[in-house]
Amino acid sequence: MFPMVTEFMNYGQQTIRAARYIGQGFMITLSHANRLPVTIQYPYEKLITSERFRGRIHFEFDKCIACEVCVRVCPIDLPVVDWKLETDIRKKRLLNYSIDFGICIFCGNCVEYCPTNCLSMTEEYELSTYDRHELNYNQIALGRLPMSIIDDYTIRTIFNLPEIKP
């Protein structure tokens, strides 16, 4: 055939292909128009975390036997355990325990391998501060239980996100 006719046929095929792609994109856009928004208004609305959420670590001073298993299983050797050997009873006495949450990767190994269950993960995830040194928690700060989001009347809790159907 003539070169002009073949170029015109290619142009027609490309136009049809482009229109099909635009139509497919428009259909995807229309399918998303019926969904609820996923964004929540953070300080006023908060999600209820799942049962297995790994938040701030809670520490119970009385249960700790200063075995330092948490330090050995931590990938970054983060917990600082200070203890003194009591010679009369031949046992370790815990003096100080601290974790720097600015460095912690929240892997949960310390909680999982603790033989006395003195460590546990809480649902607290709001650890932001203006000074990074405030993220170094000692045994007193680690022993504080977090305030439950459900009990706070100023915050609207969202129990689950709307399910996205494909």
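Glycine too: its Cβ is placed from the backbone N, Cα and C atoms.
Worth saying up front: this structure is predicted, and the values here are computed from it rather than measured.
The annotation in Swiss-Prot ties CYS104, CYS107, CYS110 to [4Fe-4S] cluster 2, and of the candidates under consideration, CYS67, CYS74, the one tied to the same site is CYS74. Same-chain residues that are not part of CYS74, CYS104, CYS107, CYS110 yet have a Cβ within 8 Å of the Cβ center of the [4Fe-4S] cluster 2 site turn out to be ILE57, CYS70, VAL73, PRO75, ILE76, LEU78, PRO79, ILE99, ILE105, PHE106, GLY108, ASN109.
Distance between Cα atoms for CYS67 ([4Fe-4S] cluster 1 binding site) and CYS110 ([4Fe-4S] cluster 2 binding site): 12 Å, as a whole number. There are 17 other Cβ atoms within 10 Å of the Cβ belonging to CYS67 ([4Fe-4S] cluster 1 binding site). Following the DSSP three-state reduction, the secondary structure of CYS114 ([4Fe-4S] cluster 1 binding site) is coil. In this structure, of the binding-site residues CYS64, CYS70, CYS104, CYS107, the smallest number of CB atoms within 10 A of the CB marks CYS107.
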